[in-house]
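For reference, the structure is listed below as structure tokens.
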Amino acid sequence: MPNASSWSASSPLLLLWEDSSGTRIFLSLLYAVLAISGTLSNVMVIYLVFSFKKLQTTSNAFIVNGCAADLSVCALWMPQEAVLGLLPPNSSSLRSPEYRLLRGGLLGLGLTVSLASHLLVAFNRYVLITKLPSVYQALYQRKHTGCMIGLSWALALLPVPLLPGLWTLGSAQSDGSSRYTALLLALAVLGQTALLLHCYLGIVRRVRGSAKRVSVLNFHLLHQLPFPAAPPPPRRAQRRLSSVSVLLLCCVFLLGTQPLVWVSLLGFFLRPAPPALQAASWLLLCSLSALNPLLYTWRSEEFRRAARSVLP
């Protein structure tokens, strides 16, 4: 089995060149399943929002923005990984720097905008629940919402030239720029996670500690929260279910993002992690692109009703 240097220098980002072809075939099938399921779920959410006026809200605009970014990973990048895993290791397609840059750019762009959309949705819900409706309406006007979405894509284009450095993540031959690229990636995801947790835990504290929630119960965007909107359960049960839903969303997000953060920090400060651990951490992060549509719609009665109306 090749060492970490040969793996990171010549392989696709998430594929291991092992003597056994069984592992590579399994990974290719896994990418294929994630690509198909993620593409269908993201396209379905986008279609429902554009087809049903009740779903055309500010919160759903950020969700659609995340789905569009996730399509870059599920519909464009993952199918290539699935095919490349079946090619021989000495294939010229794998060694082309232009092609590697294209694949790295697709992955980096999709994941960056997707993570930014997670934060935009969390902040939107935080303002909705914890602030007055007048503050929410002033902040989330149509032009402001469009600027936030455009800014998420503009910021995602800035680090794309750094993506080739991630190919040598953990390699003994990697230069200082690659190691610092991995460090910046870890710190960016760590900061985004801290802000997201602050927003959602603030929502939990507000919901659990509020005796009267008339101002938010009458607000027209309540059904976009990961809480049951109708029929409302008893107040205590509703607060408990709301908290569990938010915490579950946070746990799934942490499971997908934090392994890569700590693997990157380990490789920068101590020693490179084993190639299999690096691949697993990347795979968890990329799998979020297929799970995101379900995370934000599974508790919404409006989404379920719209889906039932279009599915046979």
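Each residue, glycine too, has its Cβ placed from N, Cα and C.
Sequence annotations record features per position, and here TrEMBL assigns domain 'G-protein coupled receptors family 1 profile' to 41-296. For 25-50, 62-80, 100-123, 144-162, 182-203, 244-270, 276-298, the entry in TrEMBL reads transmembrane segment.
Outside the transmembrane segment (62-80), and at least 6 residues removed from its termini, the chain residues within Cβ reach (under 8 Å) are 31-32, 34-35, 38-39, 42-43, 45-46, 49-50, 103, 106-107, 109-114, 117-118, 120-121, 124, 145, 148-149, 152, 156, 286, 288-290, 292-293, 296-297.
For the transmembrane segment (276-298), same-chain residues at least 6 beyond its ends with a Cβ under 8 Å from one of its own Cβ atoms are 8, 13-16, 30, 34-35, 37-38, 41-42, 44-45, 63, 66-67, 69-70, 73-74, 77-78, 107, 110-111, 114, 118, 121, 169-170, 226, 249, 252-253, 255-257, 259-260, 263, 267, 304.
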